[in-house]
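Engineer: To start, I am sharing the structure in question, which I have written as structure tokens.
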């Protein structure tokens, strides 16, 4: 019974220890992921700040640190390659990138595979980082690779950064690097794949104390020294914070360079604004000229339309008068043929002349009314006299002489 109870107690302890180890491993993995993502964000910000003053190349410590951080992130919990004998050989993140990023349009995978001076898988991965930065497509490569979840699951273990929520943050923060112009040499020592990349955390671990914290530290040191023995009290306690003149000079130099760059950008923007204002004023003037031309053309079209309408009205009136004259001539000819030959020819001739005179006189009055500006001439005779100097119909001109000959006038 005692042995069984001890065995059960030992089993419970073993189970509790296994659960504790699992929780500790999960905590360590979470802290590792958080540290890498945080340091990557700091390195990206440092690269963007440095690019404002100088060109980023292989000699830049900020870039070397960023490349090491990105290599560590892409190699986090990367599965090994299992051989035919069951052994697991180490694998580089380039094996994952060349498979997951082939869907990117105009990718550089084949170019890096065919590079002669780059042989190892790790060196090809480092060359890919540099080429993607120069092409300004690093964020696009990472986003495309992360969307291929099946391939990512095949290459990485559970708890990897590329399989967690931090992967979306990684693709977003790398997007800011597209604004930097990088210049790299793909034949340098930075592509050496024999040594793993090491991250330098010192640029992100600087701590600066304020004046209040310095005075409080001095008071605490004095209090501790007075409470102890006289032999343990330090004789000369110097200030724990020493100002570095070189660092202040470098900061002032950077601020001055940034100020000069801002002034140049301001002058460029002012000149561009002045040019755009001149172009706008010229466009406004041209617009006014075009509007005036449109108004003039509209007015000319209206006048032409009115003239054409007046001409149409005149032609319609003349057409009606010609039709009436044609009808009248037809009636006169019909009445002449129906006359009795035994009647007096003198009365018929006189009636015919009177009828023609009335018709011609009425037509001349209509014509004078229709034609604007035509008034009665002061030298004209009385209305009883027949005048033939008005425009008459062609039909009347043709019919009237024959009719007068037929009646013997």
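Placed from the backbone N, Cα and C atoms, the Cβ positions cover glycine too.
Heads up, TrEMBL stuff is auto-annotated, nobody curated it.
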Engineer: Can you check which of 194-215, 216-237, 238-259 TrEMBL lists as region 'Disordered'?
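Structural biologist: Feature region 'Disordered' in TrEMBL: residues 216-237.
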Engineer: Would you mind giving the whole-number mean pLDDT across the domain 'RUN' (57-189)?
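Structural biologist: Across the domain 'RUN' (57-189), the average pLDDT comes out at 89.
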Engineer: Summarise the domain 'RUN' (57-189) as counts of helix, strand and coil residues per DSSP.
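Structural biologist: Once the DSSP states are binned, the domain 'RUN' (57-189) shows 77 helix, 7 strand, 49 coil.
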